Amino acid sequence: MANRERDRELLIPVADFGDKDDGSSSKPSSSSSASSSHQSGHETLSLFIRGWASKKFMTGCVILLPIAVTFYTTWWFIHFVDGFFSPIYALLGINIFGFGFLTSIAFIFLVGVFMSSWLGASVLNLGEWFIKRMPFVRHIYNASKQISTAISPDQNTQAFKEVAIIRHPRVGEYAFGFITSTVVLQNYPTEEELCCVYVPTNHLYIGDILLVNSNDVIRPNLSVREGIEIVVSGGMSMPQILSTLDKPLASIGNES
């Protein structure tokens, strides 16, 4: 009897249990793969939506930032200029916004007319004589005067005469600068005409002064104000095509 029961135990099909286990385990694996693919699809969609939203948000910032800065600067400037004469109108009982600003603009215009005369120039020279005797104030005045003279519409007193392009610092590289004056270098028995070119290195009031032969100076078709805008904007307002004012200098720019 014992041998028969042992033989029956050996004949028990063990593979059926394995098949049942495989079937039961395959169902969770297939469901887990489906859920993982569904989850990856959600992640891809969310990443796409977030990327699209961030891109459109940055586009809106790029468009609105210069507009906001322009309006804010203009509004601040109007309030700043209006503040010079608005207290006077307030004492007179006139509280209309803009009167101080219009009065300041008219005052600046009258100052320009007066300083263009002989009497105004004499008064200005006398005031500069007193300012230049002050230890610390004269340095501030000289620096601010040089910047204002650079954009002056008067060609006789303008610090920046012309916009210039020179080879600097190596052959094949060009630097953007301004011609401030000309000088004659006497190297006996010959003389060489040099242009004093101011090349800004940091903003507009810090730079290098280079003496360059007048034949090596390329003069583009840019005004001084356009050149200042190019320097202040870091070259972003540079036109795509530059042409020279005279043909002989154009050939210099085309050399290797």
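Glycine residues also receive a Cβ, built from the backbone N, Cα and C atoms like all the rest.
What Swiss-Prot says about this one:
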- 1-60: topological domain 'Cytoplasmic' (TOPO_DOM)
- 1-10: compositional bias 'Basic and acidic residues' (COMPBIAS)
- 1-39: region 'Disordered' (REGION)
- 25-39: compositional bias 'Low complexity' (COMPBIAS)
- 61-81: transmembrane segment (TRANSMEM)
- 82-93: topological domain 'Extracellular' (TOPO_DOM)
- 94-114: transmembrane segment (TRANSMEM)
- 115-256: topological domain 'Cytoplasmic' (TOPO_DOM)
Spatial neighbours of the transmembrane segment (61-81) far in sequence, C-beta under 8 Å, 6+ residues away: 98, 100-101, 104-105
Residues of the parent chain within Cβ reach of the topological domain 'Extracellular' (82-93), under 8 Å, 6 or more residues beyond its termini: 99-101, 103-104, 107
